[in-house]
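Residues or ranges marked as signal peptide in TrEMBL: 1-21. Per TrEMBL, the feature domain 'Glucose-methanol-choline oxidoreductase N-terminal' maps to 35-348. Annotated FAD binding site per TrEMBL: VAL113, VAL263, in sequence order. Annotated domain 'Glucose-methanol-choline oxidoreductase C-terminal' per TrEMBL: 448-586, in sequence order. If you look up TrEMBL, you'll see HIS533 marked as active site, proton donor. Look at TrEMBL and you will find HIS577 tagged as active site, proton acceptor.
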Amino acid sequence: MLVSDLASVLLRLSVVAVCNAAVYDSFSSLPTTNYDFVIVGGGTAGNVLANRLTEDPKISVLVLEAGGTNSNAFQLDVPLFSLNLKFQYDWNFTTTIQPGLSNRSTFMPRGFVLGGSSSVNGMFYTRGSADDYDRFAAVTGDAGWSWDNLQPYLAKNEKWEPPADRQNTTGQFNPAVHSTTGINAVTLSGFPQSIDPMVFKAVDELGGIFHFNEDYNSGKPLGFGWLQHTITTQGRRSSSATSYLASQFISRTNLDVLLHARVSRILPSSSQTSSSGFAFRIVEFAQDLDGPLLQVEASKEVILSAGVFGSPHILLNSGIGDSRELSDVGIKPLVDLPSVGKNLSDQPAVFNTFFTNSTRTNDDILRNATLLNQVYTEFNKTGMGPLVTTGGNQISFYRVSENLTDRFGDPSSGKDSPHLEMVPGNGFFGTPPPTGHYFQLGTVVVSPASRGSVTINSTNPFDPPLIDPAYLTSPFDIAAMREAEHIMFQYASAPVWDGYILSPFGALENITASSPDDVLDEFIRNNVGSSAHPVGTAAMSAKNADYGVVDPDLRVKGVDGLRIIDASVFPFVTSGHTQAPTYAIAERAAALVQAAWV
Ligand SMILES: Cc1cc2nc3c(=O)[nH]c(=O)nc-3n(C[C@H](O)[C@H](O)[C@H](O)COP(=O)(O)OP(=O)(O)OC[C@H]3O[C@@H](n4cnc5c(N)ncnc54)[C@H](O)[C@@H]3O)c2cc1C
Ligand SMILES: *[C@@H]1O[C@H](CO)[C@@H](O)[C@H](O)[C@H]1NC(C)=O
Ligand SMILES: *[C@@H]1O[C@H](CO)[C@@H](O)[C@H](O)[C@H]1NC(C)=O
Ligand SMILES: *[C@@H]1O[C@H](CO)[C@@H](O)[C@H](O)[C@H]1NC(C)=O
Ligand SMILES: *[C@@H]1O[C@H](CO)[C@@H](O)[C@H](O)[C@H]1NC(C)=O
Ligand SMILES: *[C@@H]1O[C@H](CO)[C@@H](O)[C@H](O)[C@H]1NC(C)=O
Ligand SMILES: *[C@@H]1O[C@H](CO)[C@@H](O)[C@H](O)[C@H]1NC(C)=O
Ligand SMILES: *[C@@H]1O[C@H](CO)[C@@H](O)[C@H](O)[C@H]1NC(C)=O
Ligand SMILES: *[C@@H]1O[C@H](CO)[C@@H](O)[C@H](O)[C@H]1NC(C)=O
Ligand SMILES: *[C@@H]1O[C@H](CO)[C@@H](O)[C@H](O)[C@H]1NC(C)=O
Ligand SMILES: *[C@@H]1O[C@H](CO)[C@@H](O)[C@H](O)[C@H]1NC(C)=O
């Protein structure tokens, strides 16, 4: 090897070492066990906090993440691979038996890797409606959570970029409602799907509830629009790990991240007990689940960002929850907070699949190794090609009929807010069958009324929690999903799909547009799964409310030194996918924490 080559290798190695200096695999290498802030969970929200709080070089932050690094997990970078779930990077949760789903239990994905669910999600960027946030403000009594007042925080998160193929995007979005100065990349599709022209032709042919919406992220999502997603102009996934922990941030000397650190409990620090009750500033965790329990301490605050299951699970393990329920399990109650783990809300989803006559779908890419190698080589070289999308380039939102809201009440946040979502996909979702080409119309109830819970049945903090989303237990939700299936069939009946859509695939064979309600219901209950958007298990509520887990400033009620900042705090699910709202909440929360410690 030439000396100059050796020198350049050494130089590169040292740069890598410097960039990763703050990411540790082992507790024994941590420089200290005392930090100003300890953040539990290096996920979507947690990494926003890690980034913002360390803007001040005097503030020290430790992030404890149960999963491993994202930096050698190359498949997570490739948008199209998000169609296949990655168990290696998942918590592998399943729900309890669901009476609303014909007594099935169903998979509940959650990211188990730095970046959390933002490292494994479908990358859809949907803010929800303005009404959603105005309802947050109304129920919490804090105008800071309103749509208008959250705009600066949406802007601090979003970094709008040109799509990978640099196509002309005029008319596909409204630049006035986007920010180019944030941290997390958002872009339009960087690769056309063969179905793109047909998708909008069908909208024109049908009219009515099917109408074009130039930008569904304007606060008014109803209609059919071009999908925006958290993908970079290089065609790569933009997660909280790749963006908020990018090398210029993770290299800050006041930021440490410890991987493979599974938090069991937070403990009261007796020396810091205040008049308002317990102060919880000690964090207990393990690196080896059969090994010793370790501790670190925060001098200012512990921030739980362990997600919609992790955060309530840790609270319950710590004796913060419904005192009677905790005693029944054998856990000593310390703080009676009956709402912990309650009001879990998730959106039920169905993948409706048809055979298509086209061969220009994504199916071959995901099942033909030769073809995959070709497009993956192109992706690696140019950041372009079919791997830079998530398999579909549009999204659409609808309200249910007034008949339905008259009968069951309206769980949505307002008249401009959808109850239903429908997403076209140019191929099978998941690993496609060995043969056949597919067209997909996913349907989701984005404003569900059902509420479930997260509970524990064990004193072992490393046993999984019991996750009960109570899918389709509210009469609104099953009726709404029925309407979603009707909308789906109506859309599929547009003339443009003649000859393109051949026949229903799999379970969809069992229903048609004219199936009676009980047949539709059976199909729905047999086929609904999670949309992967659970929220609400540590909900914020007004300061004087008799329910809720955190105050509007996200401090745990009746406790010192502890906040929850993640998707657990949504008081209602926003009427779309949940990462953009999680980022916005985390950005505002970071500002609230900073303001409290100036
Ligand atoms: C498969 C999938 C697809 C999705 N698709 C989309 C989409 O296309 N668009 C969209 O907007 N939203 C999508 N979502 C939802 C969205 O990603 C989540 O709502 C959002 O990321 C939640 O952020 P969070 O910070 O609350 O939790 P997370 O990002 O999940 O972060 C929680 C972190 O805490 C860690 N953790 C948990 N427990 C512990 C513990 N005890 N100790 C230490 N660390 C712990 C976890 O490992 C994780 O890193 C999807 C989610 C999934 C899982
Ligand atoms: C989930 O299962 C996969 C293997 O199927 C494993 O690699 C991963 O560690 C599991 N996740 C957790 C949190 O145990
Ligand atoms: C679900 O289980 C309950 C309780 O075991 C039972 O009463 C009910 O009939 C079951 N429902 C279905 C659809 O199997
Ligand atoms: C982009 O498309 C718009 C609308 O189709 C057109 O008016 C504009 O000239 C195009 N811009 C470029 C640079 O081609
Ligand atoms: C669930 O949320 C509703 C508001 O949507 C609230 O009235 C109720 O008290 C909450 N329940 C619990 C147990 O927190
Ligand atoms: C698919 O389309 C081709 C070309 O239009 C036609 O010849 C063929 O019969 C079609 N196949 C089916 C199954 O409809
Ligand atoms: C797989 O893809 C390659 C490259 O496009 C192609 O030549 C081959 O015929 C395909 N194999 C199958 C079984 O379709
Ligand atoms: C693309 O790059 C990734 C990351 O370096 C590598 O793991 C993968 O094998 C590459 N794929 C091809 C087809 O070159
Ligand atoms: C409303 O729904 C009920 C129950 O499905 C149905 O009987 C009734 O005809 C509907 N009314 C209208 C106006 O659609
Ligand atoms: C807790 O629930 C799980 C899942 O239902 C079950 O496997 C386990 O046996 C239960 N543990 C106890 C102690 O009841
Ligand atoms: C059609 O429904 C029946 C009854 O629920 C079920 O057994 C069957 O598996 C379904 N067909 C398909 C293709 O899923």
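From the backbone N, Cα and C atoms, a Cβ is placed for every residue, glycine too.
The structure, with features from TrEMBL marked on it.
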| residue | record | DSSP (3 states) |
| --- | --- | --- |
| VAL113 | FAD binding site | strand |
| VAL263 | FAD binding site | strand |
| HIS533 | active site, proton donor | coil |
| HIS577 | active site, proton acceptor | coil |
Neighbourhood of HIS533 (active site, proton donor) by C-beta distance under 8 A, where only residues 6 or more apart in the same chain count: ASP346, GLN347, VAL573, HIS577, THR578
Predicted model, mean pLDDT over the domain 'Glucose-methanol-choline oxidoreductase N-terminal' (35-348): 96
For VAL113 (FAD binding site): intrachain residues, at least 6 apart, with Cβ closer than 8 Å: GLY67, GLY68, THR69, ASN70, ALA73, LEU76, TYR89, SER119, VAL120, ALA241
Close in space, distant in sequence - VAL263 (FAD binding site), Cβ under 8 Å, 6 or more apart: VAL40, GLY41, LEU64, ALA66, VAL283, GLU284, PHE285, ALA306, GLY310, ILE314
Tally of residues which DSSP labels helix, strand or coil - the domain 'Glucose-methanol-choline oxidoreductase C-terminal' (448-586): 48 helix, 23 strand, 68 coil
Protein Cβ atoms within 10 Å of the residue listed as 'active site, proton acceptor', excluding its own: 27
